[in-house]
Amino acid sequence: MKRLWTRQTQPAHDRELLAHVPTLASSLQQLGDTELTSRYQQLKQQNHNPSEQTTIQTFALVSEAVRRTLGLNYYQEQLMAGLAMIRGEIVEMQTGEGKTITAVLPACWYALAERGVHVMTVNDYLAERDFETLSPVYQRLGLTAGLNQPRLTAEEKQTAYAADITYGPGYEFGFDYLRDQIMTLSQQRTRLGGQFTRTLNGQLLNTPQPVQSAHAVAIIDEADSVLIDEATVPLVLSSQGGQPADNADVYQAARQAALTLKAGQDFLVNQQASELQITDLGILRLSADRSLIPIERLDRPWMQYVEQALRAELFYHRDLHYVVIENRVQIVDPHTSRIFTDRTWRNGLHQAVEAKEGKPVTTESQPIARIMRQKYFQLYDQLCGMSGTVQGCQQELREVYGAHYSHIPPHRPSRRTDLPVRLFSDQHSREQALVRTIQEMQPTQRPILAGTADIDASRRLSNMLHELGIAHQLLNGIQDAEEAAVIAAAGQPQTVTIATNLAGRGTDIQLGLGVAESGGLHVLAAGFQLTERIDRQLIGRAARKGEPGSSQILASLDDALFRQAKSAWVDSLKLLADKTGEIPVSRQILGKITKTQRRIEETGRQRRKQLTQYDDWLSSATCSTWN
Ligand SMILES: Nc1ncnc2c1ncn2[C@@H]1O[C@H](COP(=O)(O)OP(=O)(O)OP(=O)(O)O)[C@@H](O)[C@H]1O
């Protein structure tokens, strides 16, 4: 990756440099809007020279545009983060420190070069929110902003990319790249003579053009999520599936066959690793009665259909891995609990889940092109980003993306109180304790955000509160309420919000009248997440912007983290439970939990590394075949 401006960070020098920004910005206050725009445009015409002077002027113009449009004045820390990002760094700013407007500083600085700036975040909701909020700021400087969303037409995408600054979810940029590659390849295959004839006929004028022109700059919000957490799953572009399948009976027959098999005899299963293998005995049993196999309708070996049916049965659970909405199986993102309406599992797994649920079986989509996310982001000349939680993955960001890390201190010291962790022997005891805590807090009028691990748990907690007549709202991706409306209400007095990880990133819960005085938002986390970073995201919803707030984790030995720990110390903890199921938590236990989370983070890193190496090998193998 090429750097536009590299220089070692010198905090004292930077502070001195940035101290000029507010002064210069104040002097711009007397300018009219047109004059403000033309000042920025003049900078653009000065044949973009990445000097410190240009940086100060750009930051001052952006500061004034933000003040006029949003009524906010940049903090010094936001300017520092902006400066770090134009050096290609990934900055860690605590949650709630105002990353959304911080991204405008590097975006406008990079836009001076007129090569296109892509601002990416984790999902379309956040991309649209940021685009809506910030477009008027860009307009003031004479810049255009575009929104790149899934399901746009090619023309709409071209318009979004033609803008100076394009917002969108990270994965969508990758999918556009794959679509462009496929189109370009298919055009290259058109024989020269064919092109000549088509040119004579005027047909080439209508030849589709790639939507993505360049990979100049990517500014990535929630960088650890986009670049690390999601990086285990490659981007795969598939042909359109999802139509009613005319071989539905095959998947149903495979399910019937799978249900006759006995674990330990006919198949071996490793629940932890989600692996299974049909034994020789199982194969014998499955082939015993050939009349049960719809042989002439198979597209792949029968065993593979049965294996997928078993996987669907054993590893894929409703309201955890998928939901069923309007008779359709829809995948749930394991990191955020967000529902992917337009994605399906491959190799017949989606159909196996549909058959398991007794829903209409749809046609399989076929993979057409794929790219590891790492490879896609490496295409950019310049990559930078922000997150509240970079610590724990800075080494990987450097190794894979060549991006250095810098930590930006909070504008105001945190006023969050983290109450002692509570641990329970099982999920049920934990849920009882959650409900008791919510009940006890009701008189304080403080809003509560209860974060659950999955949709199923959010529903259970919701039902328990219903039974007790405790009013609450639910944010788990399948309720009808608009996400923005739920979040807007979550900081109002006495509001109880139950949310899956959907609320974990990027949601800014504004405190209602009198809430700060009564102690601010209280976050109740139902369990530890697999990594410390994700814990910090949820907890970070409380006490933002120097406000008061508190958090508490209520864990249970049933949680995925303890299951993954697979250790004798976890089993021994059960013996310590009192009659409510609560287990006293020592520093030693907390230390072991942190150790487990770090081990899982490290395993994830190794896995991503292996996947990329395997992908490298695969690409070189494929290339040599083509040659
Ligand atoms: N300079 C500023 N002055 C006053 N308020 C600000 C400033 N910058 C941001 N804010 C406000 O702080 C709140 C949090 O901002 P934002 O959502 O961008 O934070 P964040 O760092 O992205 O949080 P998260 O890590 O949760 O995504 C918003 O309400 C925003 O308007």
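Glycine too: its Cβ is placed from the backbone N, Cα and C atoms.
Heads up, TrEMBL stuff is auto-annotated, nobody curated it.
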Can you match one of Q76, Q78, Q529 to the ATP site that TrEMBL gives for G96, E97, G98, K99, T100, D508?
Q78
Counting other CB atoms within 10 Å of each candidate's CB, the least crowded of the binding-site residues Q78, T100 is T100
Whose Cβ, among the binding-site residues G96, G98, has more other Cβ atoms within 10 Å than any of the rest?
G96
Cβ neighbour count within 10 Å, max among the binding-site residues E97, D508, goes to E97
Output, ordered by sequence, the same-chain residues six or more apart from K99 (ATP binding site) with a CB under 8 Å from its CB, or 'none'.
A81, M93, D221, M386, S387, G388
Same-chain, non-site residues whose Cβ lies within 8 A of the Q78, G96, E97, G98, K99, T100, D508 Cβ center for ATP are M93, T95, I101, T102, K545
Need one number for the ATP-binding residues Q78, G96, E97, G98, K99, T100, D508: the maximum pairwise CA distance in Å, whole number please.
17
Does DSSP give G96 (ATP binding site) helix, strand or coil?
coil
